[in-house]
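Taken verbatim from Swiss-Prot:
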type     : residues                                                                               : note
BINDING  : PHE439, ARG440, THR441, ASN442, GLN443, GLY463, GLY464, GLY465, LYS466, SER467, ARG753 : ATP binding site
COMPBIAS : 14-27                                                                                  : compositional bias 'Polar residues'
COMPBIAS : 38-48                                                                                  : compositional bias 'Acidic residues'
COMPBIAS : 206-215                                                                                : compositional bias 'Polar residues'
COMPBIAS : 265-280                                                                                : compositional bias 'Polar residues'
COMPBIAS : 1091-1101                                                                              : compositional bias 'Polar residues'
COMPBIAS : 1133-1142                                                                              : compositional bias 'Basic residues'
COMPBIAS : 1143-1158                                                                              : compositional bias 'Low complexity'
DOMAIN   : 983-1063                                                                               : domain 'HRDC'
REGION   : 1-109                                                                                  : region 'Disordered'
REGION   : 110-162                                                                                : region 'Necessary for dimerization and homooligomerization'
REGION   : 164-215                                                                                : region 'Disordered'
REGION   : 260-323                                                                                : region 'Disordered'
REGION   : 381-408                                                                                : region 'Disordered'
REGION   : 641-644                                                                                : region '3' overhang DNA-binding'
REGION   : 771-774                                                                                : region '3' overhang DNA-binding'
REGION   : 865-910                                                                                : region 'DNA Holliday junction binding'
REGION   : 892-896                                                                                : region '3' overhang DNA-binding'
REGION   : 931-937                                                                                : region '3' overhang DNA-binding'
REGION   : 998-1015                                                                               : region 'Necessary for ssDNA and DNA Holliday junction binding'
REGION   : 1068-1183                                                                              : region 'Disordered'
MOTIF    : 566-569                                                                                : motif 'DEAH box'
MOTIF    : 1104-1120                                                                              : motif 'Nuclear localization signal'
Amino acid sequence: MEEARAATNGGSGESQKLSNGEKSSQLEPGDVGNELLADIELEEDDYLDVVPPSPEEELPSFSPSVRNVSNIFKESPTDGRSAVHGTESEPELMAPKQPAAEQDSSAEHADKGLHLEQQLYSVMEDICKLVDAIPLHELTSISCAKELLQQRELRRKLLADSGALNTNSVNGPRNWKACVQQDPSSRPGTPLCSGPGRGVSSVGSTPKSTNLPSVLSRTVNSSSFSTIRNQTLDKLDTSYSSKETDQEVICLEPAALPSPKVNGKGSTSLSRPSEASFNGSWCEKPTGRDSGNWRVPERPTASTALKAQHTAPAGNPASGCWDVNDTDFDLDHFDIDDFDEGWEEAVAPEAAPEAPPAPQWQPLREGSASLRCRLLAAAAGSAPGPHPTAPKSGCGISAKSSSEPLVHNPAHERFRGMKFSHSEEMLKIFHRKFGLHSFRTNQLEAINAALLGEDCFILMPTGGGKSLCYQLPACVSAGVTVVISPLRSLIIDQVQKLKTLDIASTYLTGDITDADASKTYMQLSKKDPIIKLLYVTPEKVCASNRLLSALENLYNRKLLARFVIDEAHCVSQWGHDFRKDYKRLNMLRKKFHSVPMMALTATANPRVQKDIQNQLEMLKPQVFTMSFNRHNLKYDVLPKKPKKVAMDCLEWIKKYHPHDSGIIYCLSRHECDTTAAILQKEGLAALAYHAGLTDSNRDLVQKKWVNQEGCQVICATIAFGMGIDKPDVRYVIHASLPKSIEGYYQESGRAGRDGEMSHCLLFYSYSDVTRLRRLILMEKDGNSHTRQTHFNNLYSMVHYCENVVDCRRIQLLAYFGETDFNPNFCKDHPEVICDNCSRKKDYKSRNVTDEVKSIIRFVQQHCGQVGGINGNRNTGSGRYTLNMMVDIFLGAKSAKIQSGIFGKGAAYSRHNVERLFRKLVLDKILDEDLYITANDQAVAYVVLGEKAQAVLNGLLQVEFHETENASAIRKQRASVTKMSQREEMVKKCLGELTDTCKTLGKIFDVHYFNIFSTSTLKKIAETLSSDAEVLLQIDGVTEDKLEKYGAEIIKVMDKYSEWTTPEDAACQSVDTAPGSAGTPGSEEEAADDVVTSSYFGGNANQRRKRKRLPNSGESKRKKTSSGGSQQFYSKGARYRRARRAPGSRAAAPAQSSALRGAGARLGIMAPPKPSSRHFLQPSYAVL
């Protein structure tokens, strides 16, 4: 793009040199910079993303009369480099030195150059608009690629036609409102460096963001700058970081601007100029041996403390310029807090010293920074801010690790913090209603953006906290928030959870009674409705005139707060779960244009994300994304034996999760019933769930599984689970191949929502591909293009399963556009390592191009093209499936033909040959043509693929990873962890708390995990404390919940409170089991100073008289650990071996003998009777 600008300058440069030279004597010193910055008109779309500094008064506009300032740079007669001269110190040098012939010919090129300039500028403007609309992470799938390439070709053609023109001129923007004219005495000629950046989409802009002074990147004299080739810039740890080479640096010379200084930590605060630190120029004159040369100060990094190291060649005097490295600085790094209120004020200049030759810079190259990137780079670099010695707190954003590259986008800096009018009320509700104490990634920014009336698109993985992003704003905002959700079960679960938080919410679905619906409509029609969240289905919105009338009534009274589209991937036809009623939701934007909209999803690749925003007609939405990585999930793919898959599931469950809840996904209803029956027969509580059951039966099965009442495993089709927020699902097993990566990610993501380690297991067989292809072809809805999309999604899933080399986690994230994930994540977290990373690298890469060519020729000779099964065939052609081809290639006796490639693959194992042929299908070298037999069976026959000819022509090489052995169910040794006694008590306490919540759930008719989540219960158990003040510090525990359920919870915690309270422990006597602590040499005999052991309280001769039980084969440590002879203290206190208290031998033997037979049970004190807190009183009575 920037080369186009260079040619543009060249067209008019010669014709204007003379005129500029004549005018130079009339120019004021401050006017030079102004003329430079007044050449390019900016479109409104060029700076919609910019956050304005909100100045007190509008900046004055500048005259666009002078278009070019070529006299700023002066050709050096000695070395040919450009020299920068001050206009006050050397006014006689302002006239350019040109040869006479060049001056005479400049007028002849003026008209032609001006015409060419207009053409090139128009082309450049179009390209800029296109590039500005493309985020970097979408460049691989941009929708305007064709148009962009056409514009680039047109530009090259224009540049070729203008080869005879001189390009030694500089263009400046026309209408740039900047601070350069505030001080007419400011010395011009100081370079402003504008480095390249990335294209930034208009996502995230606001209608008011159009007042920031902007700078369009300028192209400078190509003869005045040297080239820095292949300069690799460090990647910034930001959401859309990238690596770029062959970058360019552009130096301009507006009036004096303050220079940010780099602190010792590598971060920079934009400093407001002062008398001591500001010298009227960005260039400082060094002392010593280099006193004759100017140097540019160290480049500032962004105020967000992003790390970008300097990579310019050593010794280059210009290497300190911040543009050399800060090529990724763009809107995402813009921080409004970096601007000072008085940034427009004039700066007192100093005497301009004699100007030395200008430093050398790299020329422009194709693919350079877009307009908006350079605009923000120049604006951020030129705007004064706080002094570097006193940086503003809260402005820095630490760089994230590569494992989460899509979080903390600096473009959302203006939504961070608690500086808004709603912040106080929001925090109050956040703490008191939701019982939370800290926000997760992007939650605070998304909530603030919603409360500021922005459209928001939120992409967070399951468990990332999407619901809070609209529930908390709904509680803060006036009016009703309408939430559109796809499933009734999901709606009921969300409303139920909100009611436990005392948040007014309700729902309107097709199955509620007319009386209940009338009550809801009556409430909505009130002057001040108490309902904060109204949940509806998309079908209800599209079909119910009564609901639309109620919404219009709220809209007219300005009580319609926002629309929330949950599971927004259903909107896109490119998504894995497209629904027509979702696509019709754009009617909400048309009917209620001013109502903000929020779309949320956990599964959407870049293409689907863009389609969702377009379909819903969202207005410049703020996009909040997170890493798709689910850090607590362990991914495995195992080979499937279709007739034994149910037994394989059973064995795996009994081995790894014998008592945990899980889901088994099956392809058909029949498989659900069959799998559930086999599991039940083997003693595992399993039930089937599919559309063939009645509504009442489905609800019953779901309720049993959710509450763990007679159902541990649910065997379901893929439709199950979207509406269930059960947090403690420890495993998800796919007994059949999913239809797409998106579907697999969402279905497997239903495990481990509480953050605990969970398994995602997939049984894979290529035979499932044929079944799924048939289902896709039988779909009534959709055209051939939609079917092809589904086929592509299916083969992406097959490729995931066939890949035995790359990490499973990295494959999933790469599909969603997250390509810079930490490749060592599995190695760094062995508890969730995937099967590919845990497997030894027992494969070797082999070039199999020759073998593949033989296979292609065989298929050409014996098989047909796609769609040729029922058509005319060549003589001798046949129908061969992949399995038949494998037999022929291996040279098996059962092969249908024993010629051609017969036996050529005898050196391979059958497993590798099968993988090779499947790879050829995935790589589109071969293809499969589906044929339906008379018995309604689907058979896939091998035909040539679209890339077969490329292989034959030698244009495509085939690499294959050959493994030594076929994959099988690995025999992994179950790790037996030795738990300390306190850990055992925590586990026992957690079990009792869970049972208590289940009892409370039955009484209050809510799911037990909606009372306290699994993670909250675990934190409560880990405290082993019954102190309400301690419990209130835990996320998810509020005073309202303690008032409802506190008595029962504290009653359980009282049993374990002596583990944390020494005073309580002092009142108890703990006995040990016979033969444990009392045996000689035991390592576990311990007691507190004030606790008397029953062993030491008895007769001293008791040790010699006691006999060991003859059948005792257990270890001493195990007996002791269950005996409870150690006392632990909370708050980090260490347990220690206790000395016997004086007089311990005089303890009552009666008490000792009475307790000895109890088998080392803990002594439990009576529960305390609460008196100080009213909410500790029991709230119910168990009959």
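Cβ atoms here come from the backbone N, Cα and C positions, even for glycine.
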Three-state secondary structure, THR441 (ATP binding site) (per DSSP): coil
Sort out the sequence-distant neighbours of GLY464 (ATP binding site) for me: same chain, 6+ apart, CB within less than 8 Å of its CB, listed by position. ARG440, THR441, ALA602, MET626
Would you kindly list the residues that approach the region '3' overhang DNA-binding' (771-774) from elsewhere in its chain, counting only those six or more residues past its ends and only Cβ-Cβ distances under 8 Å? 667, 737, 739, 791, 794, 928, 930, 932, 938, 940
In the same chain, who gets a Cβ under 8 Å from the motif 'DEAH box' (566-569) while lying at least 6 residues past its ends? 457, 466, 483-486, 490, 575-577, 582, 599-601, 603-604, 608, 612, 616, 722, 742
What is the three-state DSSP composition of the domain 'HRDC' (983-1063), stated as helix, strand and coil residue counts? 60 helix, 0 strand, 21 coil
For a quick check of packing: other C-beta atoms within 10 Å of the C-beta of ARG753 (ATP binding site), how many? 23
With DSSP, how much of the region '3' overhang DNA-binding' (641-644) is helix, how much strand and how much coil, in residues? 0 helix, 0 strand, 4 coil
Neighbour count first, Cβ atoms within 10 Å, every protein chain included; then name which of THR441, GLN443 tops the list of binding-site residues. GLN443
Per DSSP, the motif 'DEAH box' (566-569) contains 2 helix, 0 strand, 2 coil
Compile a sequence-ordered list of residues in the same chain as LYS466 (ATP binding site), six or more apart from it, whose Cβ lies below 8 A from its Cβ; state 'none' when nothing qualifies. ILE458, MET460, ASP566, LEU600, ALA602
Let's see if you can do this one: DSSP helix, strand and coil counts over the region '3' overhang DNA-binding' (771-774), in that order. 4 helix, 0 strand, 0 coil
Tally of DSSP helical, extended and coil residues in the region '3' overhang DNA-binding' (931-937): 0 helix, 2 strand, 5 coil
Counted with DSSP (H/G/I as helix, E/B as strand, rest coil), the region '3' overhang DNA-binding' (892-896) has 0 helix, 0 strand, 5 coil
Would you measure the largest Cα separation among PHE439, ARG440, THR441, ASN442, GLN443, GLY463, GLY464, GLY465, LYS466, SER467, ARG753 for the ATP site and round it to whole Å? 18
Long-range Cβ environment of PHE439 (ATP binding site), under 8 Å and at least 6 residues apart: ILE447
